[in-house]
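Notes to accompany the following structure.
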């Protein structure tokens, strides 16, 4: 029997999922994306060579692996083809191994225009989107006016639907946001041109995944962003527009939830966040600067500097619960090397000094103060360590304390950016 494993971020994204997905892909024949869009950035370092993927699953770099983009992913045809061409320029075969769900909502130029016009109008109150049209595309999906990849199989139908939806959005762009209208004919011509290249890759993704399961294949589901950015369970409204948690795996791929065997939570040894939104353990001091510089904390998609802070065990425990996580992968432990003291947030208090849990809205987060526990740091390097025994005792104590606080074991430890710099204590596919 094969195993079906989900890889998710437990924080606000940028936890290092790309490397771990790439590592685990050596044990699978199928990899699937199930939510998000090209707002996600997966950075892989293989034999010292850096590759950044935004839409295509990381498994594409492994020959013999079939990659799927499920119905929960919002698809920008131009961004996808750009990524395909870039991989093909590196002599990576893509088209015969990449399968696309016809139910993927399309991101088209008017979605991008709306996204950027909205952020501009919000001014200092902006949410901090990537400006790539993700939110507006999901809105169209929920309002049932959105165009889907399968519509491109029928040119006349696509043209009629496109005209109708563009009249609606251009009215908002010009009359409310004071922006320029998006040209209908230009959008139509480009979409139909791209459709010719995309059509051969369109398949029933749900059916293909179940056939693979029935054949006893190992399947990996690759999450994007992080659990604290989930549209329902994250720090609303400073969240993404999709379900980044384990429940999104089933709805975003058509794969039955009871067929999932293991949920791996990728967790940074400290905390980072890109853009606006609550961040109780944020450090605006030398330690925060140390984490940012040593951790190279710049977004793979936007290049924006990430905010940094101590490990938040309260938030991660919340992520463990809502995802029913089986085990954790701890990344970037080496960034803490050299610190005399490391802190962990073990609780929240409000301004009245009362113990509180995870708030459900941004206003509730504003009244949060972290409660810290301090542990000794370590001066020795953890970079490239191949076993737990090779880690400094203080680092091992830190890991053990994190396990106790969040309620699951650390099954994998990443000790550097290359996939060989990894300690596997328990394989999700074992």
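Quick reminder: no glycine exception, Cβ is built from N, Cα and C everywhere.
Together with 14, 15, 16, 17, 39, 40, 41, 42, 144, 225, 240, 304, the IMP site in Swiss-Prot holds one more listed residue from 129, 130, 160, 281, which is 130.
Residue 39 (IMP binding site) sits 15 Å from residue 305 (substrate binding site), taking the Cα positions as reference. Residue 19 (GTP binding site): 25 other CB atoms within 10 A of its CB, across all protein chains. Annotation note: residue 333 (GTP binding site) sits in a helical segment as assigned by DSSP. Sorting the binding-site residues 13, 16, 41, 303 by the number of other Cβ atoms within 10 Å puts 13 first.
Annotation for residue 225 (IMP binding site): spatial neighbours 9, 12, 13, 36, 39, 40, 240, 242, 244, criterion Cβ-Cβ under 8 Å with sequence separation of six or more. Geometry remark: residue 333 (GTP binding site) versus residue 304 (IMP binding site), CA distance 22 Å.
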